[in-house]
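S.K.: Residues annotated as signal peptide in TrEMBL: 1-19. According to TrEMBL, the domain 'Aminopeptidase N-like N-terminal' annotation covers 53-235. Taken from TrEMBL, the feature domain 'Peptidase M1 membrane alanine aminopeptidase' applies to 270-505. Under the heading Zn(2+) binding site, TrEMBL lists His342, His346, Glu365. Annotation source TrEMBL lists active site, proton acceptor at Glu343. Residues or ranges marked as site 'Transition state stabilizer' in TrEMBL: Tyr427. Under the heading domain 'ERAP1-like C-terminal', TrEMBL lists 580-899.
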Amino acid sequence: MLVAPVLLLLLVPFPPSSGAQLPNQGQAKDLPIATNGQPFPWDRMRLPKTISPLHYDLTIHPNLTTLDFTGVARIELDVHEDTSIIILHAKQMQISNVLLLAPEGIRPLHVLEYPHFHQLALLSDSVLTKGRKYEVQLEFAANLSDSYHGFYKSSYRTSSGEVRVMASTQFEATFARAAFPCFDEPAFKANFTIRIIREPRHIAISNMPKVKTVELPGGLLEDHFDTTIKMSTYLVAYIVSDFLSVSKTTQHGVKISVYAVPEKINQTAYALDAAVKLLDFYDNYYDIPYQLPKHDLAAIPDFQAGAMENWGLSTYRETGLLFDPDRSSASDKLGITKVIAHELAHQWFGNLVTMEWWNDLWLKEGFAKFMEYISLDISYPELHVDDFFLGKCFDAMEVDSLSSSHPVSTPVENPMQIQEMFDDVSYDKGACILNMLRDFLTPEAFEIGIIQYLKRYSYQNTVSSHLWESLTNVSDVSVGTVVILCLSFVPLINRSALDVRAIMDTWTLQEGFPLVTVEVRGREVRLSQERYLKTDDPSLTEGFLWQIPLTYMTSTSNTIQRFLLKTKTDILYLPEEVDWVKFNVDMSGYYMVHYAGEGWNSIIRLLQHNHTALSGNDRANLIHNVFQLVSIGKVRLDTALELSLYLSRETEIMAVTQGFGELVPLYKLMEKRDMAALENQMKGYIVDLFRGLIDRQEWTDSGSVSERVLRSYLLLFACVRNYAPCVTKATQLFNKWKDSDGTLSLPVDITMAVFVIGARTPEGWDFLFEKYRHSMQMSVKSRMKTAMTVTSLQDKKWLFPLASYGEVMKTQDLPGVVVSVSKNPHGYKLAWDFLRANWHTLIKKFDLGSSTISHMVTQVTNQYSTREMLDEVRSFFGSLTEETGSEMRCIQQTYETIEDNIRWMDTNLPLLQAWLNKRSHKVAHEDL
Ligand code: BES
Ligand code: ZN
């Protein structure tokens, strides 16, 4: 039954009033109960719309010695309907001296608290009348949070061993309410004027530039920041620290500064230049100037996520921002550039135009992820970011092929559900369907459409259909000749009938993605679509239908042909008979393709004889599709393995890594079972397949970014797999490095391989550990940490990081280490035991529903393939309560993944064994 929200006036001294707060004494018994035992007059998690904030005056005083803070919030209100109740958010803070500043004078307000929904009710003894201006003032006090959200404590150790404390904010998604009382929903946009009280030894920064500093009695200083433009609460930020900064100005006159702890300020130059370049790029691309006079980027020593886009003050993990030209790797450079591009893209997508509610989180996260690639492609062509986009679509498909997936736009209400939206579906699927639409509409039309969208909805909130309308308008009439011309390359699309919303609703409102089956018979190409789902319950695939922008090319024409498949089945006619067809050209579409009949065989022949007839992306796409089709029984494992044979001639990064991505998990499953013989045969096959490519790798830092990333990947794999030439070389280099007491500068891209080999001996491990403790280079530290988790030493060496987190290793790095240990054949049980034993501490620290927790849950368990392990996993997660996470989606994902692994092993192990035996026979014969 749909119950109307109850905004009741129940307290005798306060008279009833009209509008949204209709008294309904009859329902009083169902009302929530406030902390003081009185009924709480609002029973919804979402705030009522009777009142909205216009302006916040915030004064915040953190005490970095006592680790708490006090503050005063004065909020100007806009009353939309007469009411005498104000409902707003506050979480875990003491509230006092609450006043109403009305045109008639100042009056105290009665306060009720309902912690379960993080809500306060402020009750007035007179009606606040629609259209009149009111203010409320609240004083508050709380501890600095010990987690990574709200107004939280961070600390770091200097090279002389001194521990320094600072305080920083992370409000997205629902944590502004833990720092000050506020209307903590993205649609309640307001202006903020912030003042921070601090000691003279610290500095304070916030969203806006500082306008003045006032000396307070007692020697404290109060920094006053300029008033922000209209924005959501989750974007407010302030930091009190002893950071230093470096600055530059963009071509458009925006002052960019990068802040870091003093001893790391010499690692900020790269980020500063990147931010200047990328902000200028967005200014031009969006055709809307960046809205603030400055943008600061701050590297925070304790940070849970990767980065956060607070307006005018984005915050980052140190590894996400700090770059040392001599010690950071090619993938570090790529990662830092991408993360900055992402957070700066949000300054428009998210900050200027914000989703109405978290159900449409993808409107900012999908876009920011997508813009990482668009902006780097143009501003940093040398990084060849295009080589990596595909990986996002593969990642998205992995979760989206489970029945526990969810539509891109999904209803959510409570903070845990909101946190869960920050997943591969919102980010990666979001980016991939945008990429598909861009490819379909043409880049030019797409760009015009998104600029229209940003301009039309600046300072407002949107839902997905606003975006589709803006893009439909472009594809209608109001576009320049360029777009019309480009669209005229789309022969099978009737432009006037192009309904972007109808197409895109099929991708955002239903979960999963289609599998398109293609069967060529002469000139006829039969097409059909169904949902790709990794489950044995066929009923779950019924009722799904997508509008699929198909693309294809054939053996006789590499011109991209297009066809919008709207129905379950359809037929295409080719101008002539062909040897092969390749659909989903360059994988610009978010769907899989099954080549039925002789289709896969013709593709295997093509790859074996002339693989460069297809692009690297197409090859990666085929590898992905063929192995994924094995999982659902559409293709036999032998066929996929036959296709994989061509990889011995592959050199393109995405195809190589996708080859690894499909083959390595097979032996990872076996490592967690007792089947060493087959496991070793499989390992041998993969090493053989890539031996030529590994042998060709130089042990230097030369080459393009993709070549360098590929090199470090291959050498790491080769060393881990004990490939003798690699181990010998890495051992030599490690010993040299160790003999120089770590001063020898190794080529950066090979250090991971070298450290992994070094960490195999107790002395090497200890040496790495000592260097890890004292290093100030974040990327070097991160490689050492990973290498230490990969060791096979049995004497608890790699237990140590788990046991000592918070001391030697920062707690923020713990989840990554747990996952890494779980991939180690000698460590996976330990990681699983650790996760179970520390569950309550972990969810308290990292929060229920966070991607940190989900990632740990799915990654620690996704290589199990036995019923015993499934039972064990079920028994642990089954024992959780709602408060301790039983409702989390990642638990369902985990069950489904293990079930899928069990099915895969049951079906395919004999086939794999037979194929590998046959192959080794063949190879042995060829050798004779
Ligand atoms: N808005 C997010 C930060 C965030 C993540 C807030 C989860 C609340 C919950 C930010 O823009 C973001 O997406 N950060 C990414 C890094 C990015 C490069 C993909 C992250 O933290 O993983
Ligand atoms: Zn983001």
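Each Cβ is built from the backbone N, Cα and C atoms, and glycine gets one as well.
TrEMBL labels come from automatic prediction, so no person has curated them.
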S.K.: Other than His342, His346, Glu365, which residues of the same chain sit close to Zn(2+)? List them in sequence order, counting a residue when its Cβ is within 8 Å of the Cβ centroid of the site.
M.R.: Glu309, Glu343, Ala345, Phe349, Gly350, Lys364, Phe367, Ala368, Lys369, Met371
S.K.: I'd like to verify something. Among the recorded positions Glu343, Glu365, Tyr427, which ones have a C-beta closer than 6 angstroms to some atom of ligand 2?
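M.R.: Passing the 6 Å Cβ check against ligand 2: Glu365.
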S.K.: If you skip the near sequence neighbours and keep only those at least six away, which residues in the chain come within under 8 angstroms of Glu365 (Zn(2+) binding site), Cβ to Cβ?
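M.R.: The list for Glu365 (Zn(2+) binding site) reads Gly350, Phe422, Ser426, Tyr427, Gly430, given in order along the sequence.
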S.K.: Please work out the mean pLDDT for the residues of the domain 'ERAP1-like C-terminal' (580-899).
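M.R.: Reported value for the domain 'ERAP1-like C-terminal' (580-899) is a mean pLDDT of 94.
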S.K.: Name the residues of the same chain, 6+ apart in sequence, whose Cβ is under 8 Å from the Cβ of Glu343 (active site, proton acceptor)?
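M.R.: In sequence order, the residues whose Cβ lies under 8 Å from that of Glu343 (active site, proton acceptor) (at least 6 apart) are Leu297, Ala307, Met308, Glu309, Ser314, Tyr316, Ala368.
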S.K.: Let me check the 10 A CB neighbour count of Tyr427 (site 'Transition state stabilizer'). How many other CB atoms are there?
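M.R.: So the number of other Cβ atoms within 10 Å of Tyr427 (site 'Transition state stabilizer') is 24.
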S.K.: Inside 10 Å of the Cβ of His346 (Zn(2+) binding site), count up the other Cβ atoms and send me the figure.
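M.R.: So the Cβ neighbour count for His346 (Zn(2+) binding site) comes to 24.
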S.K.: In sequence order, what residues of the same chain, 6+ apart, have a Cβ less than 8 Å from the Cβ of His342 (Zn(2+) binding site)?
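M.R.: Residues satisfying the criterion: Ala307, Glu309, Ala368, Lys369, Met371, Glu372.
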